[in-house]
Every structure is written in C-alpha cells, then in structure tokens.
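Can you read through this structure? Questions will come right after.
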Amino acid sequence: MTTERTRTPQETRSPVVFFALAAALFLPFPVLAHFVHVPGLPKNAPVTDFVAAFVPAVAALILTYRAEGAAGARALLRRVVDHRRITGKAWYLPVLLLPVVCLILTWAPTVLIGLDFQPQPELALSTALLFAAVFLAAAAGEELGWSGYALEPLRRRWGALGGGLVLGVVWWAFHIPSILQSGQGPVLFVLGFFGTVGMRVLWTWLFANNGGSVCAIIVVHAVTNMCSSYVPSIPTSANAPVVVLFAVLVVVLWGPGTLARFRFAAGERR
C-alpha cells in the first residue's frame, strides 16, 4: 500500500488565484490614471504605475500569509535579497548586461536606418539617479509576485518554457493600460507583446540557472527599465526582435523543459 506524500504549502500555490487577486487589486489604478497626470515621467508612464508595481507583491503576500502564516510571508519577503542563490559569478554578466546588449543591438540599427520613435522625456542626471532607486523598488514589488510566487508552480505544470510563456502573456496583459495611456501606436503595441513574452522567457532562463533567485530577476528587471528610459531613450517594445532572437537561442541551447541544461556542456556530450 502506498501513501501519497503531503504537499508543501508552496506546492499548493495556485497561479490562477494569484493572477485573479492581482488583477482585482490592479484594476483601480488604470482608472485613477485618467484623473492623476504627472508629465515628464520616464517612458511617458502614468504616475500610478509606480504604485501599481507593488500589486503582485501584495497579492503574493496575502495568499502566502493565508496559507503559511506570518513565517511564510517573511520567508517570501526574504526572497528579495536571495542573491546567494546565484550559482556562479559568471551569471552576474547576463543579469546586469543582457538589457544593455539588447538595447545597443536595437538602437544601432535604428540610427543607421533613421527610424524615429515617439519621443520620451529627457531627465536630468539627478532625476535619473532617483529613478534608479524607484525602478529597483518597483521591480522588487513586481518580481516578488511574478517570480517569487507564480513562476515555480507554472514551471512545475508547464515546464520552464511553457511557464515563462504563460507568465509573459499575463505580465503583458497587466501592461496594456499603461501602453495605451502612454500613447504607443499599433506597431509598438504588437512589438510590445512579443518583446514582453520573450523577455519573460529570458528571465525564466536566468531564474532557472540561478537557483530560483528572485533577487537576480529584480536586478535584471530594474536594469531593463533603466536602459529603456535613459541609455538612450527608446521605447522598451522596440527591442522585441532582438529579445525574441535571444529567447529562441536560449530555448535551442538550454532546452525548453528546464532552460537549465546547456546542450554543449561537457556532461551533456555523448
């Protein structure tokens, strides 16, 4: 006679419940954005975005507290600084530089071709430094929910690639009100979908290869927002072709199941 293993609270997490709660908490912010206008913000973003960024963390903490109590909620909060999960110093390179490389490979051809994007606000250096801290805090607010709570059960259910794709689509859906309110045209809207989903696949790859480090994803998220705002100022969605290309390469080289088994590693050769 066999007995079923009791599942841990983390294994019983429901991404669907999390997404539904996050959506309910998020809905007032796009409405409020119609009445509160602060011009000149990075990426022409509505000011309410900088508060709404903490909705995923709040939703995750509510559900974790209900299922696991205060200890579980504290453990989830500690994932913000779980940098010791990063498995090797070499992984700091893609965490810090992947957004920069994507931006350069996007910006250089647009200069050569002469494409013009919707102008974005130019901010003083002091303001840019302030927003560096804001972007880092906002990334923590998002990723504590997206990566710290939802990604693991999605990976168990759909595999690394499938989980990343599902999370990418949901993540993009949460950006739709901001995209529309920031005045992006239909081309950037479509590019934004593919770029956002592709970016989430890349971040799932980083997550899978660094012991599930939420801190790593917070950093790459913050650097991505910084790059698309200041280095130089072009819409985030414009880098979609480059991001999708990198995502495809990662899937081919590391495999869709885990995104963590490099095909040409010594242990994988036959």
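Please read every residue number as a count from 1 along the shown chain.
Keep in mind that glycine also has a Cβ here, set from the backbone N, Cα and C atoms.
Annotations in TrEMBL come from automatic prediction, not curation.
These numbers come from a predicted model, not from an experiment.
OK, TrEMBL features for this one:
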- 49-69: transmembrane segment (TRANSMEM)
- 90-108: transmembrane segment (TRANSMEM)
- 126-226: domain 'CAAX prenyl protease 2/Lysostaphin resistance protein A-like' (DOMAIN)
- 128-146: transmembrane segment (TRANSMEM)
- 158-174: transmembrane segment (TRANSMEM)
- 186-207: transmembrane segment (TRANSMEM)
- 214-232: transmembrane segment (TRANSMEM)
- 238-260: transmembrane segment (TRANSMEM)
Over the domain 'CAAX prenyl protease 2/Lysostaphin resistance protein A-like' (126-226), what does the predicted model average in pLDDT?
94
Checking distant contacts: for the transmembrane segment (49-69), what same-chain residues at least six beyond its ends satisfy Cβ-Cβ under 8 A?
9-10, 12-13, 17-18, 21-22, 25-26, 29, 33, 75-77, 134, 137-146, 148-150, 178
Summarise the domain 'CAAX prenyl protease 2/Lysostaphin resistance protein A-like' (126-226) as counts of helix, strand and coil residues per DSSP.
92 helix, 0 strand, 9 coil
Which of 90-108, 158-174, 214-232, 238-260 has the most Cβ pairs closer than 8 Å to the transmembrane segment (128-146)?
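Counting Cβ pairs under 8 Å, the winner is 214-232.
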For the transmembrane segment (238-260), I need the partner stretch with the highest count of C-beta pairs below 8 angstroms, choosing only from 90-108, 186-207, 214-232.
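Most contacts with the transmembrane segment (238-260): 186-207.
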For the transmembrane segment (90-108), could you work out the same-chain residues 6 or more beyond its ends whose Cβ comes under 8 Å from its Cβ atoms?
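For the transmembrane segment (90-108), the far contacts come to 202, 206, 209-210, 216, 219-220, 223-224, 226-228, 231-232, 234, 238-239, 241-243, 246.
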So what's near the transmembrane segment (214-232) in sequence-distant terms, Cβ-Cβ under 8 Å and 6+ beyond its ends?
42-43, 79-83, 85-86, 91, 94-96, 98-100, 102-103, 107, 120, 123, 128, 131-132, 135-136, 138-140, 142-144, 146-148, 199, 203, 206-207, 239
